[in-house]
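Student: Got a structure for you, written out below as structure tokens; questions coming shortly.
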Amino acid sequence: MSTAGGGRRCQAQVSRRISFSASHRLYSKFLSDEENLKLFGKCSNPNGHGHNYKVVVTVHGEIDPATGMVMNLADLKKYMEEAIMQPLDHKNLDMDVPYFADVVSTTENVAVYIWDNLQKVLPVGVLYKVKLYETDNNIVVYKGE
């Protein structure tokens, strides 16, 4: 049997991307309506607005000499479906996701939510990075720090 890297212990990062659609309103209950409007602008519209988010999840670890993989991408897809798609896709984040009842649904906080959910389903220690695209120009990277 051949091993990864000719017998060396090789580390690698593996990423998978998915997309989900969700609506939300940027609004802090600690601020007045006027302050929210000043801070969040049109994103504080009382009727909300939506995004087609893209998420890139990166895991890391040693390349298994028997399989040649850090993680089977089919398994990563299942974990992402459970941790991201089921709770977030086609949802109003503020109304349908209990986490956001007390947390402003900024892209930063959505990335933290995704990280926390993935940590619950992935093997311990493999999650490396969550990269969340709210738009092509607005991107948040979260590494659990």
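Each Cβ is built from the backbone N, Cα and C atoms, and glycine gets one as well.
Here's the feature list from Swiss-Prot:
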type     : residues            : note
MOD_RES  : Ser19               : phosphoserine
BINDING  : His24, His49, His51 : Zn(2+) binding site
MOD_RES  : Ser28               : phosphoserine
ACT_SITE : Cys43               : active site, proton acceptor
ACT_SITE : His90               : active site, charge relay system
MOD_RES  : Tyr128              : phosphotyrosine
ACT_SITE : Glu134              : active site, charge relay system
Student: I need the CA-to-CA distance for His49 (Zn(2+) binding site) versus His90 (active site, charge relay system), whole Å please.
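Tutor: The Cα atom of His49 (Zn(2+) binding site) is 12 Å away from the Cα atom of His90 (active site, charge relay system).
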Student: Cα-Cα, whole number of Å: Cys43 (active site, proton acceptor) versus the residue listed as 'phosphotyrosine'?
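Tutor: Distance between the two Cα atoms comes out at 30 Å.
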Student: Could you tell me which three-state DSSP class Glu134 (active site, charge relay system) falls into?
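Tutor: Coil, per DSSP.
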Student: Around the recorded Zn(2+) site, report the further residues of that chain (criterion: Cβ within 8 Å of the mean position of the Cβ atoms of His24, His49, His51; site residues excluded), sequence-ordered.
Tutor: Ala22, Ser23, Arg25, Cys43, Gly48, Gly50, Leu93, Ser105, Glu134
Student: Among all protein chains shown, how many Cβ atoms are found within 10 Å of the Cβ of Glu134 (active site, charge relay system), not counting that one?
Tutor: 17
Student: Can you name the residues of this chain that are 6 or more positions from Tyr128 (phosphotyrosine) yet have a C-beta less than 8 Å from its C-beta?
Tutor: Gln13, Thr58, Val59, His60, Lys143
Student: Return the residue, from the listed recorded positions His49, His51, His90, with the maximum count of other C-beta atoms within 10 angstroms of its C-beta.
Tutor: His51
Student: Pop the Cα-Cα gap between His51 (Zn(2+) binding site) and His90 (active site, charge relay system) into the table, whole Å please.
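Tutor: If we compare the Cα positions of His90 (active site, charge relay system) and His51 (Zn(2+) binding site), the gap is 10 Å.
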